[in-house]
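Everything on this sheet refers to the single structure shown next.
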Amino acid sequence: MIYPVIWLLMSSFKPSEQIFQTAGSLIPTDWIWTNYSQGWEGIGGHSFGVFIKNSLVLVVLATIGAVASSALIAFGFARLKFFGSTFWFGVMMVTLMLPHDVTLVPQYIMFSKIGWLNSIKPIVIPAYFGAPFFIFLMIQFIRTIPQELDEAATIDGCGKFRLFYRIILPLIAPALATAAIFSFYWRWEDLINPVLYLNKPSMYPVSMALKMYLDADTLSNWGAMFAMSIVSLVPVVAVFFAFQKHIVEGISTSGLK
Amino acid sequence: MRAAWKNHLTGYAFISPFVIGFLAFILIPAGASLYLSFTSYDLFTTPRWIGLDNYKEMFFQDSKYWQSLKVTLIYVFLGVPLRLAFALLIAMLLNTASKAVGIYRTVYYLPSIIGGSVAVSIMWRNIYGDEGIINLLLNTLGLDSIRWFAEPFAALWMLISLSVWQFGSSMLIFLAGLKNIPNELYEAANVDGAGPVRRFFGITLPMLTPIILFNTILQTIGAFMTFTPAYIISKGEGGPLDGTLLYSLYLFRQGFVYFDMGYASAMAWMMLIIVSIFTAILFATSKFWVHYESKGD
């Protein structure tokens, strides 16, 4: 199950020319760290730290946007009665199932016409308009909160926004955490959007940097590529360990039935 | 009267990000792509109306289109059931050993959380390499090495096996579902002397059908859109002999390598139609196999 990952990890400590000669034996005969130092020097004149910074900027900006806007929208759907709410809820559920590919080409054309190519705007800004999967997750969560709470607050003269901000938002913290974790994973791993919109190596996120290693390397420097692959997985695994309770809880409490 | 108005407005204020985002990033682009699918457009000159020519080319002339549809269907129909079966198996293992040591669980979670990343595709590329561990394993078993990057079907199998290995997210959803099955059902079955096989087919499977439906739909849509592994493993080409030219990759190449935006749009709309048909079939047949508990018992 986990063997491929261990193989990758161990190979990152082997000298490049030995990786395939000794592919069968897991433990390196001599442990070396030079793959990491070489890999960290980066590629195309940019250190790997630059790529990590780029990824973090993308991930953090997009995640804040997606979680905050989705919470606002979810509250609207779950707690407010207004004309057309069922219709828009239906639209949202259809959007949830819509293949991303359908809008790929026209979005690219649109963003190129307004001059957003080669910037992180096409990747970050749409996140601020809600993500259907997160909205759905949060709606399910809000529905488990007793309505009486809202009524009590309203009687006390609490407006809708304060109700959302002061009462509902703290209560749905687990769902917010789940959404944030998923958003982190998806943005960190995303490849197609950076391929389309980021064309300068100085702007590359980690996923694109790894791809660049793959393109540039003709058999020579496997070790560095493996080492940086491991580095790229570290934040993902760290986030998982830090928040693993939220991941399972968030899914089970969303009541997928 | 004024209060009612205010309520409607407040509602729209809260969902306005979605409404605006839907119009700006989904509806208008989708409409534009429908229009573009009837044109010839290279991004730099104005779109030229060519009627159904893109669709005609797709159906009658472009053998690559059919090839990409074929490998995608194989990928979906082998990959999704295998992945779901695997996910369910692991979820059941984890569920019975629910208080087992953390490390054991982590071993199973790990592929799911790192599965989509470029690093994993790179790793996959290498364990299937000519001198990679898969061939080494075959050799130890007395079998000949397979040249995974030379045989179209072998290369596709590489992608399918990767997709099975990424079972994690469906497994988490199954795990949540398993925890929701009331224990009394199993106790009653035990009293009646039902063995593990009958318990599985009599209780676990029927109780899980709503989640199986949910997982199947999500995974099928996801599988149709698979891009990263095909792009990395074939270095963006879809080779060998278009054996890994998944639909999304071919669409990407038409749109952003050959800059045939009209054709790529037509492909996107065909994909939407195909995926909708699959989803509709799944929903339509669901009443025959999905078991919903009646409310209030």
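Cβ atoms are placed via backbone N, Cα and C, with glycine included.
What TrEMBL says about this one:
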{"type": "DOMAIN", "residues": "B:69-282", "note": "domain 'ABC transmembrane type-1'"}
{"type": "TRANSMEM", "residues": "B:12-38", "note": "transmembrane segment"}
{"type": "TRANSMEM", "residues": "B:73-94", "note": "transmembrane segment"}
{"type": "TRANSMEM", "residues": "B:106-124", "note": "transmembrane segment"}
{"type": "TRANSMEM", "residues": "B:154-178", "note": "transmembrane segment"}
{"type": "TRANSMEM", "residues": "B:208-233", "note": "transmembrane segment"}
{"type": "TRANSMEM", "residues": "B:266-285", "note": "transmembrane segment"}
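Outside the transmembrane segment (B:266-285) by six or more residues, the chain places 33-34, 37-38, 54-55, 58, 65, 213, 216-217, 220-221, 224, 247, 250-251, 254 with a CB less than 8 A from a CB of the stretch. Counting residues 6+ beyond its ends, the transmembrane segment (B:154-178) has Cβ neighbours under 8 Å at 71, 74-75, 78-79, 82-84, 86-88, 90-92, 94-95, 108-113, 115-116, 120-121, 124, 128, 146-148, 204, 207-208, 210-211, 214-215, 218-219, 223, 226, 229-230, 233-234, 239-240, 243-244, 246 in the same chain.
Tertiary proximity for the transmembrane segment (B:208-233) is limited to same-chain residues at least six positions away from its ends with a CB under 8 Å from its CB atoms, namely 72, 75-76, 79-80, 83-84, 87-88, 116, 118, 121-122, 124-125, 155, 158-159, 162-163, 170, 173-174, 176-178, 181, 244-249, 252, 271, 274-275, 278-279, 282, 286, 289-292.
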